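Participant: TrEMBL lists these features:
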- 8-20: compositional bias 'Polar residues' (COMPBIAS)
- 45-54: compositional bias 'Low complexity' (COMPBIAS)
- 80-92: compositional bias 'Low complexity' (COMPBIAS)
- 106-115: compositional bias 'Basic residues' (COMPBIAS)
- 116-130: compositional bias 'Basic and acidic residues' (COMPBIAS)
- 190-204: compositional bias 'Basic and acidic residues' (COMPBIAS)
- 205-217: compositional bias 'Polar residues' (COMPBIAS)
- 163-299: domain 'Cation-transporting P-type ATPase N-terminal' (DOMAIN)
- 1-137: region 'Disordered' (REGION)
- 180-245: region 'Disordered' (REGION)
- 626-655: region 'Disordered' (REGION)
- 283-300: transmembrane segment (TRANSMEM)
- 320-338: transmembrane segment (TRANSMEM)
- 493-515: transmembrane segment (TRANSMEM)
- 535-563: transmembrane segment (TRANSMEM)
- 1007-1025: transmembrane segment (TRANSMEM)
- 1037-1056: transmembrane segment (TRANSMEM)
- 1077-1095: transmembrane segment (TRANSMEM)
- 1115-1132: transmembrane segment (TRANSMEM)
- 1152-1175: transmembrane segment (TRANSMEM)
- 1187-1206: transmembrane segment (TRANSMEM)
Amino acid sequence: MTIPPSPTLSSHSVHFQTSLALRDNKPDEKSGMTSLGLLAPGNASTTGGSSSRRPSIASVTETGSDDGRSDLRHVRSAATSVTHVDDVSTTSRKGAKSPDSEASGKKSKSKKKKKGEAGEDDGKTTHQLELDQDAAIDPTPFAFKPYELAHMLDPKNLDTLASFGGVQGLLRGLGANAERGLSSSGVGNEDSHDTEPTEKEKAGQSDSHTSNSNTQYAEKDAPPEIMLTAPSGDTTAATPPEDPKAANATIADRKRVYGENILPTRRSKSLLQLMWMALKDKVLVLLCIAAVISLALGLFQDFGTPRRGDEPPVDWVEGVAIMIAVTIVVVVGSVNDWQKERQFKVLNEKKEERGVKVIRDGVEKVVDIKEVVVGDIALVEPGEILPCDGVFLSGHNVKCDESGATGESDAIKKATFEEVVELYRKAEEQGKDPHTLHVDCFMVSGSKVLEGVGKYVIVAVGTKSFNGRIMMALRGDTENTPLQLKLNALAELIAKIGSVAGLLLFTALMIRFFVQLGTGEPVRTASEKGMAFVNILIISVTLVVVAVPEGLPLAVTLALAFATKRMTQENLLVRVLGSCETMANASVICTDKTGTLTQNEMSVVAGSVGVNCKFVRLLHENAARTNAEETEQSSSTGQTVRKHHSDFSVDQSELNDSIPPAVRQLFNEAIAVNSTAFQDTNAETGEVTFVGSKTETALLKFAQDLGWADFEATRKAAQVVQMIPFSSERKAMGVVVKLADNRYRFYAKGASEILSKRCTNHIAVRQKGGSGSDEVEVTDIDDLARDNISRTIIFYANQTLRTIALCYRDFSSWPPADLKPNEENEIPYEALSQDMTLIAITGIEDPLRPGVTDAVAKCHRAGVTVKMCTGDNVLTARSIALQCGIFTPGGIIMEGPVFRKLSNQDRLEIVPRLQVLARSSPEDKKVLVETLKSIGEIVGVTGDGTNDGPALKTANVGFSMGIAGTEVAKEASDIILMDDNFASIVKAIMWGRCVNDAVRKFLQFQISTNVTAVVITFVTAVASIHEESVLSAVQLLWINIIMDTFAALALATDPATESLLNRKPDRKTAPLFSVDMYKMILMQSIYQIIIILVFHFRGLQFLNLPHTAVGERTLKTLVFNAFVFAQIFNSVNCRRLDNKLNIFEGITKNRYFIGITLIEVGIQVLIVFVGNAAFTVRRIGGREWGISLALGFVSIPWGAVIRCMPNGPFYKLFDMLGLFGKPEAVLPTESPAREGWGGAIALVQDNLSTFANIRGARMRSSSFVNKSRNARLNATEQPIASIMTMAPTMIMAAAAAGSTYRQPSGSLSDPAHADPSKSSYALWEGKLQIHPETPHDDPVYQKFAGKQNIV
């Protein structure tokens, strides 16, 4: 018998030995796992005896101890009839299996090593690394190693549990007792004597110094027959425990081997550490060096050299100003990070210390969560969040919501291991998929108990539990964002260019200085010569300082701070500042389904009242969900006609307009009275929510949304006569109530395909019949109506809706005269559920969040691919993906068990087109994200559950849900969506692009300013006899610091608009500057350099100014003024990065920009009027003001001219200069033409390579095959002699067949046909699904063509 994968659709599946066993998730292929034969009922005893299968009532009969309570959680679930008791004691797993398993483990390890050497495995998976850790652990006195147990739940694996000898083998290996739990003292004597138990032992206490410790366990573990017939306590014939060492292990031993149930706390960084980390930024390091040099030389100039009377000592200001800029950036960034760190620390410390109910010494105890150990028997109650991983032992109707842990939206019923095996076997016999049962025996930490009571044995705690391993995986250092990496590269480039320019200037001036020394002109004293040299050094360093963009880190910080503040208003809480600029170029978003795209709340989304009234939630968006307009071809006329003329569609919110009050009341009573769900207040949020089965809460919410009578009042008013609880056999539940007119009514609710067949009538509803009579109109179900009902159920089922029928039947008296009560004086359900009247059929699903479809469409428009990763089954995932537009032509759906078995090469090939990954485990999601990152994608991941943690942390940007998100998800994420809406991600993309654009706008402005300043400083300093620049040090300070800071603030505050979504994201490797930006920088710099140099050298002649100190000061002022206004007008010009001409678009929405520009103009006017000596300026007249303003304003029309210039020539120029970096390597899609004999040789080679690729260990390990496989025929190396022996055959073949030896693309012998984009992946047929509208010429269609692959 083959054990199929666990029904928890989110986890890894069982590891089948053949990939075929995974096809369509129907593992009907035999996997050859002989150990599973142990699970047949006939062999039950060989799995370790059945001592704990007896009802706990037996222990009452026997000892009367405390643990012998009749609490339901100690009662075995239903299927105890298959229990077989055998006296033959089985060998303990530790004793018999360990040597073999260790040997096989060594073998497998050596095999792995060989594979690795052959280049098969590039790296070990997390699971393999954990198992490597296990190798170093000595589990004595226990039979199992820590990760061996942990991996049983992640992935959920029945095979592993079977190999342990089932639950009995597990308990024996852990030294645990299902009834008594662990012993607090945990010390025992290994000698076994057949003696009478003491009174102490009967009371359920362990005596650590008596020789009876084994006897008491034997007493508990004896076969049921003995237990029931010997209540006196005579246990001489009982089977003793086979591993007394494990049974007597101390709590300390358990903690030593399996660890404690705590996670190591992570030390948070101090403010100084955060500041130091911020200072390591390359741009800031560069600025610090420039500041120190500038300050040192400035102080020397101001106080170490004689100055003219009218010159103020202000050269030191430049260095100080740079230091202030650096300090602002460091303090703002680090304080922000420190505050967030503290907030999250406080948040984590607030997590309440909670107790866990366990059985120890046969008594129920509440122990601190940190004291729970592996082997403890823990008890579960409704509402509890499971603290550890475990295996279910016994209980009553336990159901867990694992959506937070695994993404599975359906509740998972917990049953014993034996029951699960039996259920799976029956399902397989009936040809059903066992996954649809939603039953297993594994308790996953982090999941919530919905209903029922029971107990389970703990197998993993702390860092080894499902929850703990995910929490530990989240801890890691953040990576640099793409923008940071590019800015660091830019800073290095600027430093190099600045240094080269400074060195050139220094060299030029030094050459002139030596010439002057040689000629003796001008005449200088020794001290003057020294000062001349220092001045040369100062002007050279000033040039380097001018080249460094001080405002750059400030612009980035301001843009991010502004964006994060605005994003908070848009319900986006940014935890990591850099994440919002990373989102700008996100190219893929991997989203969870449950709770992210959907509401994680089952709701009625479609249905049919009676037979004809079809209602749909949001009908205008989901018109395809109604079959009212269904047509068929007329047999008589051959025309297409409507099948059911009376059918009509209504929006669910307008249903009251179509059904009369009497029907509304009947419908409401059928929902409210026949239900066990209730309302409760959520302790955390304070919201009133429905609690109970997801189907019942969906129906109650449906009635509440339509404004029908309150369910509690309706339920209280009903006189219940008989209740029929839900049973999975009948797939229905019912209730009989007494009506006001002394009649009786039976309400039934359940699976529509079953109940609808038990109905003979249906209620009649007509269009716009909302104000109908007070009587419920009933009509017989004829053949047409029966066909309508059947088609409707199938129609809903095809959309993966869960269909529930509501029916009723009236009786004049109770009990009805024609029906006989059973022994309990109740009428059997089978008798009641006949001749019923159908009220409605409802379709229930977890609906999409509002706005999700629109958000996905916007993502596609912005060039962002959306991929869905869910733990849910493939049908539900596909349905949701189709609804929200994720599954599109050319897309692929795959399942986790198949995905995780792909080789690296296959994975790289399939991932770009993968749109839905169903039944995926946390590790699958993480692997998907890592694969996407490895091919250069920038990945955003959304998730709300614990299972999303590793993927959130691995991604470039992680989004978690603020309301529904678990603590793990929030801890792992960079941005928290406060409204839990996927649509908010679109806003994050918009704001990310806004930040990126702000930085690039600033760079476009800053670099043109710096290029101009460097060139004019260089040229004028070389031309000047006194080594003086056209702009004084203080003027450069105003331009370089204040203008940069103001520009950073002005250009960093443009708000985000939807127009930002109209372009594709840049690749991670894309250059920081586009052709348009380089073109603007170059042409604006040329214009500014020309006007400054022309006016500097020829201004006196142009303006007829006298060659006096006043005239020269006037000219200097005009040049300075023109330069400043050129920057101010250019900042307006730089608001656009593309070639569009409207530079004023959205300027009115940015008040900062308008305000800052006016401030800059105001300060410049003030400087000219009152700056005088400090700025080396004087007041100028109207003519000079007009010229300088006009020269500045020309920047705007000149910008329009630049935008109209073609990009082609500029691209060639910049590419030749290497400004775009090295081009990315593109795979060839064609091979050089093979002509003549080469073609025939190629065919032989391809055929041989097919055999070389056969996946067989012997073939692969053959050195001959490896050599032939890797060999490539080269024209220059063809062995002439051997080819000549083949010549006659080949010449004849070539002559006779022409080019027929060329195989069509995609054949088995040559699947790729020299095109790497068309690989041999077709061999994976049957493992994925392709969208039905995929064009036939699409490579995906050609590669995976096959009916089984088309949805």
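Glycine residues also receive a Cβ, built from the backbone N, Cα and C atoms like all the rest.
No curator has checked TrEMBL annotations; they are predicted automatically.
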Participant: Where else in the chain does the transmembrane segment (493-515) make close Cβ contacts, counting only residues six or more beyond its ends and a cut-off under 8 Å?
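Facilitator: Sequence-distant neighbours of the transmembrane segment (493-515): 286, 532-533, 536-537, 539-541, 543-544, 546-549, 1010, 1014, 1017-1018, 1021-1022, 1027.
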Participant: Given a Cβ distance threshold of under 8 angstroms, which distant residues of the chain, six or more beyond its ends, lie next to the transmembrane segment (535-563)?
Facilitator: 281, 283-284, 286-287, 290, 293-294, 297, 301, 318, 321-322, 325-326, 328-329, 332-333, 336, 483, 487, 490-491, 494-495, 497-499, 501-503, 505-506, 509-510, 513, 577-578, 580-581, 991-992, 994-995, 998-999, 1002-1003, 1006-1007, 1010, 1013-1014, 1017-1018, 1021, 1027, 1029, 1033, 1036, 1040-1041, 1044-1045, 1047-1049, 1051-1053, 1056
Participant: For the transmembrane segment (1077-1095), which recorded stretch in the set 283-300, 1007-1025, 1037-1056, 1115-1132, 1152-1175 gives the largest number of Cβ pairs separated by under 8 Å?
Facilitator: 1007-1025
Participant: Under 8 angstroms for C-beta pairs, at least 3 of them, ignoring pairs fewer than 6 apart in sequence. Is the transmembrane segment (320-338) in contact with the transmembrane segment (1115-1132) by that rule?
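Facilitator: Contact criterion not met.
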Participant: Excluding the flanking five residues on each side, which residues at least 6 beyond the ends of the transmembrane segment (1037-1056) place their CB within less than 8 Å of a CB in that stretch?
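Facilitator: Tertiary neighbours of the transmembrane segment (1037-1056) are 314, 317-318, 321-322, 325, 545-546, 549-552, 554-555, 558-559, 562-563, 566, 987, 990-991, 993-994, 997-999, 1001-1002, 1005-1006, 1009, 1013, 1031, 1123-1124, 1127, 1131, 1134-1135, 1146, 1149-1150, 1152-1153, 1156-1157, 1159-1160, 1163, 1167, 1175.
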Participant: Which sequence-distant residues neighbour the transmembrane segment (1115-1132)? Criterion: at least 6 residues beyond either end, Cβ under 8 Å.
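Facilitator: Those are 1005, 1008-1009, 1012, 1030-1031, 1035, 1038-1039, 1043, 1047, 1050-1051, 1084, 1087-1088, 1091-1092, 1095-1096, 1099-1100, 1103, 1105, 1143-1144, 1147, 1157, 1160-1161, 1164, 1168, 1175-1178, 1180, 1184-1185, 1187-1189, 1191-1196, 1199, in sequence order.
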Participant: Over the domain 'Cation-transporting P-type ATPase N-terminal' (163-299), what is the model's mean pLDDT?
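Facilitator: Average per-residue pLDDT within the domain 'Cation-transporting P-type ATPase N-terminal' (163-299): 65.
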